[in-house]
Ligand SMILES: [Zn+2]
């Protein structure tokens, strides 16, 4: 499916393959399926592949509107679900709660009809944009604007614009050359279309017993703020290293762009593309964040190839998710103490589980550290992040990378971040927000690293 046209979607992550002696605890048995969980399950039970507009044709975003809505009662929800099912609206983000909230797009051809429908049902909409194409056109400054800094740094990457994949990879290679004692770059696999997936290790050495911290970005193609922010973190850990006392006590392993093919596709063909570019006769692409092998195939993941949350034919069917799995599992269990996977949007700090409405046995600790991270961000930039377990906070989604990291790789501090914003721009966040978003995400990394180190010291004493 096309990403955009449809429902689908989003992001959240979790869960994994076999249960390796991991007690699953229902901490709050009153939490159950939300409206959106039920709605998407209902939609997914119906067949859509025959429909022409499910094909991989980029939507015409000219004159498309973006809205925010609160669904206050069952009648509202019924109307909303019907509009999703008839493909008149494309949901970009949804969250649960008594009043289900959503951000959604309406293509120009449907605007009048859809507005009438909401009006008749007495549902108030907040219009965020009356031309999504204009958001796209204004999102990213031209190359000329960003060239200024190239000569100073020796690499073309900036945090004033969103750059192509090769520029991101050249930035990593530049560090491997110029910071030899600190940085190592490795190719950990190739994408479906044969592009390299690169990882950078940032470590000042030591006795190899340091706790390791894994970060990945760009699982979902259209979430451009993710790789931009992750490269910001890399730069901080290298060029501004002395500002962080934890930096010499932790080994960082960072993949700034996992879904390289999807990202390039979103830059050149279809700004709202989400999945990888796995081949398919009817529709392309697997949602990599439904493809990880813990509880694969469960709630919030679709077997339909055209859906934005298509989980793939089997767990770890995709070379991109395989690359992450194989890299992490090369190390002894217990090496990695923290895992952050960076997405957008909505401003959430989430921890497992995503596959169901439960939290792990150490859910209280994950909540505590998440709360500290949110407080640090609030203090720094006054941006609010909500903290909670994925399925309880947003919606259930099985096959996500953080559930796998937690359950199978046994990484204690596993989080999914949904970065800015809350929907004013959604996926099309203007490049001027890269720096503030990078700054606040670095604050979250700092909190997680410091709390993880404290926990390690406690264990030793
Ligand atoms: Zn995502």
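From the backbone N, Cα and C atoms, a Cβ is placed for every residue, glycine too.
Unlike curated entries, TrEMBL annotations are predicted automatically.
Copied from TrEMBL, the annotated features are:
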{"type": "SIGNAL", "residues": "1-21", "note": "signal peptide"}
{"type": "DOMAIN", "residues": "161-452", "note": "domain 'Peptidase M14'"}
{"type": "ACT_SITE", "residues": "418", "note": "active site, proton donor/acceptor"}
Remark   = Restricted to the domain 'Peptidase M14' (161-452), the mean pLDDT of the model is 96
Note = Once DSSP output is merged into helix, strand and coil, residue 418 (active site, proton donor/acceptor) belongs to strand
Ask   = If you count Cβ atoms within 10 Å of the Cβ of the residue listed as 'active site, proton donor/acceptor', leaving out that atom itself, what do you get?
value = 27
